[in-house]
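Below is one structure; the comments refer to it alone.
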Amino acid sequence: MSQSAPINAWHSAIRWLLIIQTLSMGAMEMTGPFWPIFLRELEPVPYVPFAWVASAAYFGPMAATMVTAPWWGRLADRVGPKPMLLRALIALAASQLWTSYAHSAVSVLLARTIQGGLAGFLAAAQVYAIRIAPPTARHQIFADLQTVTACGSFMAPLIGAWLVDWLGFRMANTTGAVLILSSIALAMRFLPPVAPVLCARRNNVATASPLGGFVVGLLLGIVVVQAARIMPQSFLAPYVAETLHGSVILVGIAYGATAATLALSARWWAKHFVNLPPSRILRRVCALIALCAAIALWQGYAWNNTSFVIARLAWGLCLGGLLPVLNSLVSEASPEDREGFIMGLCSSAAKAGALIGLGVSAVSTGLLGWRAGFVAMAAVYGVALAVVIPLRWLLGKSAFADWQRQRDTTSAGQ
């Protein structure tokens, strides 16, 4: 924490940050599932299959964010996190308005890709949160950010479907832009500025920097865990319809079950992990990854609809203790004057994992059928275990141990 808010004042800032994230991410998620429908209505891209165009509406922003997030994070280290938060919100609002009045698929794809490159709100929110709150609150803060994101992913598409049906896609998208503009006003009014960490302090922090291998390993863990998490999105609906012979309602219940238990469990996991040494945290993360692999197979071989929904509920419970915890460990293992850059890398890792996961699921289900997607998902979780288990060995290295003791001493002094 570089320039912490006064005692207890940071609680108010975090509450407003969560409200702003709920509004802005909800506004983006409202129309998220309906881009292919909107693109069908526009002037097509010549000589390009529509399936590729629809995929590009999702791949473009993720790829752009993956490339630019570390750069925006480094800029946050230099100018402070609040300007970067406002920049991200302005980019989101502008892109929403652009796409609301676009008349060609090319224009929409361009707006979406530029949005991914200029926005990166989630990473900006993480940087702001860890700068204004004490280090001891990081696990809880990352969990809360994950919770509101999960709630938005669950509720916003339902609201968006109603708006698209009632007003049409353009007005639904414009409504989202208005919500984001209101978030900008709230951020300017209620989020206190946080000064950047002085570069002159780098020498003081350098001795506390961890081994690069540990942070790189955590980032690889984020890539693989996110890849496994995103995989079912591309084949869940056809799996339910064609393999389980379920209805569209069952698809919605399956999505909602995972989002609900993730949102409910994230804060519990944060409290469960607080004050634990990193070695014990990683041990429990490994156990959760192994459980996720087993639950993936459970989903793929569920004997009825009830069993499948229970598996989805169990998966959400485990997810609440994975990505927020890994992000928190990366933050704790980072020099204070480079936390923005590192959080940008976390965002890039998550986007890279999403792209990899979609690719793996496309190949596995295309070659072997819908059920094979869950088998491949379990295999990806196995890769995640192979990545995370060696990190416990790195914790025994003296450089990291010295860093951990210094961070513990600093936290105790605050």
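Here the Cβ of each residue, glycine as well, is placed from N, Cα and C on the backbone.
Copied from TrEMBL, the annotated features are:
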type	residues	note
TRANSMEM	16-38	transmembrane segment
TRANSMEM	50-72	transmembrane segment
TRANSMEM	84-103	transmembrane segment
TRANSMEM	109-129	transmembrane segment
TRANSMEM	141-164	transmembrane segment
TRANSMEM	176-199	transmembrane segment
DOMAIN	205-414	domain 'Major facilitator superfamily (MFS) profile'
TRANSMEM	211-228	transmembrane segment
TRANSMEM	248-269	transmembrane segment
TRANSMEM	281-303	transmembrane segment
TRANSMEM	309-330	transmembrane segment
TRANSMEM	342-368	transmembrane segment
TRANSMEM	374-395	transmembrane segment
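No contact links the transmembrane segment (374-395) to the transmembrane segment (84-103), because fewer than 3 Cβ pairs that are 6 or more residues apart lie under 8 A.
Counting same-chain residues at least six beyond the ends of the transmembrane segment (281-303), those with a Cβ under 8 angstroms from any Cβ of the stretch are 225, 228, 232, 244, 272-273, 311-312, 314-315, 318-319, 321-322, 325-326, 329, 371-375, 377-378, 381-382, 384-385, 388-389, 391-392, 395. Residues 2-3, 5, 9, 12-13, 16-17, 19-20, 23-24, 26-28, 30-31, 76-82, 85-86, 89-90, 92-93, 96-97, 100, 128, 131-132, 336-337, 339 of the same chain lie 6+ residues outside the transmembrane segment (176-199) yet bring a C-beta within less than 8 angstroms of a C-beta in it. Contact check: the transmembrane segment (211-228) against the transmembrane segment (309-330) gives at least three Cβ pairs closer than 8 Å, residues 6 or more apart, which meets the contact criterion. Most Cβ pairs within less than 8 Å of the transmembrane segment (309-330), among stretches 141-164, 248-269, 342-368, belong to 248-269. With a cut-off of 8 Å between Cβ atoms, the residues of this chain six or more beyond the transmembrane segment (84-103) that come close are 20, 24, 27-28, 42-43, 72-73, 75-76, 111-112, 114-115, 118-121, 124-125, 127-128, 170-171, 173-174, 176-177, 180-181, 183-184, 187-188, 191, 340. Beyond the ends of the transmembrane segment (248-269), by six or more residues, the same chain brings 140, 143-144, 146-147, 150-151, 153-154, 236-237, 240-241, 305, 308-309, 312-317, 319-321, 324-325 to within a C-beta distance below 8 angstroms of the stretch.
In the predicted model, the domain 'Major facilitator superfamily (MFS) profile' (205-414) shows an average pLDDT of 84.
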